[in-house]
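These notes concern the structure reproduced below.
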Amino acid sequence: MASTISTNPAHAHFESFLQAQLCQDVLSSFQGLCGALGVEPGGGLSQYHKVKAQLNYWNAKSLWAKLDKRASQPVYQQGRACTGTKCLVVGAGPCGLRAAVELAMLGARVVLVEKRTKFSRHNVLHLWPFTIHDLRALGAKKFYGRFCTGSLDHISIRQLQLLLLKVALLLGVEIHWGITFTGLQPPPKKGSGWRAQLQPSPPAQLAKYEFDVLISAAGGKFVPEGFTVREMRGKLAIGITANFVNGRTVEETQVPEISGVARIYNQSFFQSLLKATGIDLENIVYYKDDTHYFVMTAKKQCLLRLGVLHKDWPDTERLLGSANVVPEALQRFARAAADFATHGKLGKLEFARDAHGRPDVSAFDFTSMMRAESSARVQERHGTRLLLGLVGDCLVEPFWPLGTGVARGFLAAFDAAWMVKRWAEGAGPLEVLAERESLYQLLSQTSPENMHRNVAQYGLDPATRYPNLNLRAVTPSQVRDLYDMEAKEPVQRMSDETDSGKAATGAVGSQEELLRWCQEQTAGYPGVHVTDLSSSWADGLALCALVHRLRPALLEPSELQGMGALEATSWALKMAEHELGITPVLSAQAMVAGSDPLGLIAYLSHFHSAFKSVPHNPGSVSQGSPGTASAVLFLGKLQRTLQRTRTQENGEDAGGKKPRLEVKAETPSTEEPPVPKPDEPMTPPSQQQDASAEDLCALCGQHLYILERLCADGRFFHRSCFRCHICEATLWPGGYRQHPGDGYLYCLQHLPQTGHEEDSSDRGPESQDLPMSSENNTPSGPATPVDLHQGTSPVPNPIQPTRRLIRLSSPERQRLSSLHLTPDPEMEPPPKPPRSCSTLAHQALEASFKGWGMPVQSPQVLEAMEMGEEERSSSSEEETEEEEDVPLDSDMEHFLRNLAENSGTMNNYPTWRRTLLRRAKEEEMKRFCKAQAIQRRLNEIEAALRELEARGTELELALRSQSSSPEKQKALWVEQLLQLVQKKNSLVAEEAELMITVQELNLEEKQWQLDQELRTYMNREETLKTAADRQAEDQVLRKLLDVVNQRDALIRLQEERRLSELASEPGVQG
């Protein structure tokens, strides 16, 4: 039947319509189709029914079935839910078209205006599972056969617009091209309607079109008047996108895509890139669609060094303006990074062309995010109401093209259509606005993990998409200002001052309140009399009493008597840091001397904000640290625990550190950690001569103000100084080391080995030209771009002769790669010392599987699963496609993939193999997306902390220098300083929470990579392995054991923290 050549012209037009790849071709073929059928285009759902009835064509039936299935959902009321509602949609981007499709299915008349005349954006969008299912339900595979057929689920913006345009045309949406919306024309008198101001001169019918709903999807640069947009900025992030011609050769199709490589948890790739090409990146992604699409975040200094930017301007717009960007250098930069990431396997990279015929490569500002403060408004003039809604980038302009833009854009389109439905049902303006704003509050928090799992049930009704939905979260009284009944001046797009931090919780209202709280907490202790916030704390007893009140088990009150002032203060400072998460702001010496009263007030305010809700009865406090202190405390313990685990696994000397964090009260230590000698390059002699420890930075020697102080191991630093010398990442106490040779600080990953000079090439060349051809920059590093954990193998410690290298036999290796983790007793050799490594390996792989949540199944269960797969493989192609739509649980898909590899099922069922491979890639992408979101927030926190430090420095200088200022003014300044301290503590706590998540991601990624690498070695024939292969396999096994132990330590600490916080909740204690 498919081979029969049809002579019906409507059939030919329909085929052209399906295959059209240019906007004008789509429009002309659709006009031809309507002409051949005698149907007037743009007639709403009635046009769709006429086309469907008259086009009796076999190739159209599957498309009609999909659209009819969607339209048959009860929410649309058979296309009569919004009959009589007239809508104007501005913008034919993906979100505008998706909103138009929903409105058309509701039965509204929809007119769409677009200022462009063609689709030319090649950039590729990552898709969430629900967007894939949604687009397939609209016939995406019919319009674009390669939709989501690769290892990653994505689509180019141009292809997405084309398929949505085709659906919108079929559903009767009236579309006008080359028309720019410039504003609204209110009704001149009662009984008339709202119109649009359009340029250039629109058709007469469009100029007279009166509508009662406006949906703006015109992008972030245009927001209708009346809406206020807030700008959120973080640390400068320069994004570069590049599209290269995809020749679709066999060689190109075999190059694997890169779902995401982020410096935040995987740095070896970027160090290799820097050494090979001089390019310094934060992250890179590679998608293969109509083009080879690369997106990366580059560092400004690298762009300046390589001549991509002419000059360094403080203003971002001027920095990245066309006059300051060198196009040829930018092209070399993008080509070299792309060639390195793909190991030169794409051949000669030729840039695709943009809408202006130029090479499709650009640099732009990733720093700014725009977010509308409200998603909808109602305007009323002369008794005629107009409902305005925002979708797409003019509602929320996303930071990173990883699916959040199109996914949340589709959600916003659904929510806007639901709002129009409620409007058409006659709900009051304030009720409609309140519901819409309640949904808008959820939008920025949505992710595939916190929405309903069954994407097949998603529909227009918000309850099908959002769990725990509360449509009354915003009340009608809270949205009165969004109901405009009077003429107002246009509200221009504005950028508010950024406050990236969360609102400080528990801020101290005054010094009197802080003093009163301290007196309540220390009341009843012998010898403790708190009368002020300075001299009362000099003997150390008051601080010990405060710590004891919050942690009674650490010390008996009687033991406070007899302690010296310095001894007691040092003990209290250490206990507060290690057990309460309160980092020091001043040294024990300064506290005893009373030389820094401002620092003492700031330090005590941290106790107040963290524990102000704690009752002051002795022994009433649980082991949990509430508020901001908990995250900082947990991160410190985590860093020390992971480092101790690494040290024990590597057989290294732990430096005499005790395994427990507690310091015995009987022998309190007043010794400070070793301070670098004066002749070391980073420590000035003045530190040990004239100033106290907290007044000068231990690295740069410059003055430290209160809000700049960061304490680690008894020393104080600037935050900007306390960074890894190699990767410049912010360090945390317990997660760094100072090299005894050069005096620099290093994160644990980049700490040079003792006795070896640091390789200066790790930091990259000071000045290096970009390679002019792909042959010059092909790395000789890892074989695949995602094997980023490979590097210099750790050298076995020669002073640990008992840790010998154990070689496993071939049967043992096969058992390690098997899911049957219990060996056959008959095959198990007699126990002997060398077999302890085999046992550890079994435990490592078992823990590796359990770390993913994978159950150890019996052979009967595995056989049943294989039989079930055989039954599924006999289904039709359409059923197979729908099966792939259902998102697999990440743990189960890991289990299935390993099962398939070891049982040979993967080769027998290629569809299953492709599905599992794609799902594995999706899990990798989820980690990358999460890492990118964390990186973005960390940048925002860093920018906010710098701003707080600058404001705090001004206040502190004013307090210390203006001795003649009125006492009332000084008290006001102190209160402002305390508020800044609380905001800083809140931001630091959030930063600690993010760093904990980074540790999880890092270990999860390492375990996944090592597991895959170990299985690669085990699947080889033993007779084909070289000595180097066996040595590498043993090293990978040791690394896997190390990572498994670290993840185990992290899970134990997280469980301890959870139980501790649970015990501290009201109603749980006692």
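Cβ from N, Cα, C; glycine included.
Listed in Swiss-Prot for this protein:
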BINDING   Cys697, Cys700, His718, Cys721  Zn(2+) 1 binding site
COMPBIAS  876-887  compositional bias 'Acidic residues'
DOMAIN    695-757  domain 'LIM zinc-binding'
MOD_RES   Thr475  phosphothreonine
MOD_RES   Ser793  phosphoserine
MOD_RES   Ser875  phosphoserine
MOD_RES   Ser876  phosphoserine
MOD_RES   Ser1060  phosphoserine
REGION    904-1070  region 'Important for interaction with RAB8A'
Provide the three-state secondary structure of His718 (Zn(2+) 1 binding site) computed with DSSP.
-> strand
Local confidence of the domain 'LIM zinc-binding' (695-757) - pLDDT mean = 78
Specify all same-chain residues, apart from the site residues Cys697, Cys700, His718, Cys721, whose Cβ lies within 8 angstroms of the center of the Cβ atoms of the Zn(2+) 1 site, ordered by sequence.
-> Ala698, Leu699, Gly701, Gln702, Leu704, Phe717, Ser720, Phe722
His718 (Zn(2+) 1 binding site) has how many other Cβ neighbours within 10 Å of its own Cβ?
-> 19
If you run the three-state DSSP split on the residue listed as 'phosphothreonine', which class comes out?
-> coil
For the domain 'LIM zinc-binding' (695-757), give the DSSP counts of helix residues, strand residues and coil residues.
-> 3 helix, 18 strand, 42 coil
All chains considered, the count of other Cβ atoms within 10 Å of the Cβ of Cys700 (Zn(2+) 1 binding site) is 16
Provide the number of Cβ atoms within 10 Å of the Cβ of Cys721 (Zn(2+) 1 binding site), excluding the reference atom itself.
-> 18
